[in-house]
Amino acid sequence: MLISDRDIRAEIDSQRIVLEPYDPAMVQPSSVDVRIDRFFRLFDNHKYAHIDPAEEQPELTRLVEVEGDEPFILHPGEFVLGSTYETVSLADDIAARLEGKSSLGRLGLLTHSTAGFIDPGFSGHVTLELSNVATLPIKLWPGMKIGQLCFFRLTSSAEHPYGSGEYGNRYQGQRGPTASRSHQNFHRTSI
């Protein structure tokens with residue numbers, strides 16, 4: 001069940017949802033706004049002939065930090081990784097979903113391509129999959145609102161929450177935009 005602002009504040013007060021830094025002004029009727037950090041991962045398209053999810057490709061992306069009060073310019077058709085300014089930690093019976101902001105979507109900014117779900121037990125910065133589908137560059141200002149987290153109460157605590165190691169925990173504790181680690185547990189069914 002999606003939880004309300006009142007319940008979000010109660011879960012934050014009891015430390016079952018932890019957002020650091022926490023700004024009470026970011027709480028909305030059924031979500032909490034999150035801001036973008038100053039770190040981005042850009043794809044180096046000339047390092048590999050193709051992307052292979054089964055292989056480790058350590059030079060596929062490079063980390064860039066925006067300096068001072070400058071924006072990051074996301075060009076039309078460009079895809080980069082960013083991350084939330086906030087660290088997010090969830091109790092074993094709370095999951096979250098990252099959604100974009102309508103006002104930014106109307107400008108052509110997609111906040112996440114596919115990975116908007118955050119498992120119970122997760123702790124770390126949330127990696128953003130940012131795409132510009134507009135025809136003009138978009139300025140991304142560190143500290144600006146970039147999305148919103150909606151929280152869900154599970155019917156019971158997860159038997160193996162994220163970070164327990166049972167189902168994998170490749171991104172537990174991540175800081176900044178984290179490149180894909182799909183090669184670590186790549187699965188392919190022979191068909």
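Backbone N, Cα and C define each Cβ position, glycine as well.
Taken verbatim from Swiss-Prot:
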type	residues	note
ACT_SITE	GLU129	active site, proton donor/acceptor
BINDING	LYS101, SER102, SER103, LEU104, GLY105, ARG106, ASP119, THR127, LEU128, GLU129, GLN148, TYR162, GLN174	dCTP binding site
COMPBIAS	171-183	compositional bias 'Polar residues'
REGION	165-191	region 'Disordered'
SITE	GLY116, PHE117	site 'Important for bifunctional activity'
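Feature map: annotations from Swiss-Prot on the structure.
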| residue | record | CB count, 10 Å |
| --- | --- | --- |
| LYS101 | dCTP binding site | 17 |
| SER103 | dCTP binding site | 9 |
| GLY105 | dCTP binding site | 13 |
| GLY116 | site 'Important for bifunctional activity' | 18 |
| PHE117 | site 'Important for bifunctional activity' | 12 |
| ASP119 | dCTP binding site | 19 |
| LEU128 | dCTP binding site | 27 |
| GLU129 | active site, proton donor/acceptor | 17 |
| GLN148 | dCTP binding site | 20 |
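Cα spacing between ASP119 (dCTP binding site) and GLU129 (active site, proton donor/acceptor): 17 Å, rounded to the nearest whole number. DSSP assigns GLY116 (site 'Important for bifunctional activity') to coil, not to a helix or a strand. Counting in whole angstrom, SER103 (dCTP binding site) lies 21 from PHE117 (site 'Important for bifunctional activity') by their C-alpha atoms. A strand conformation is recorded for GLN148 (dCTP binding site) in the three-state DSSP classification.
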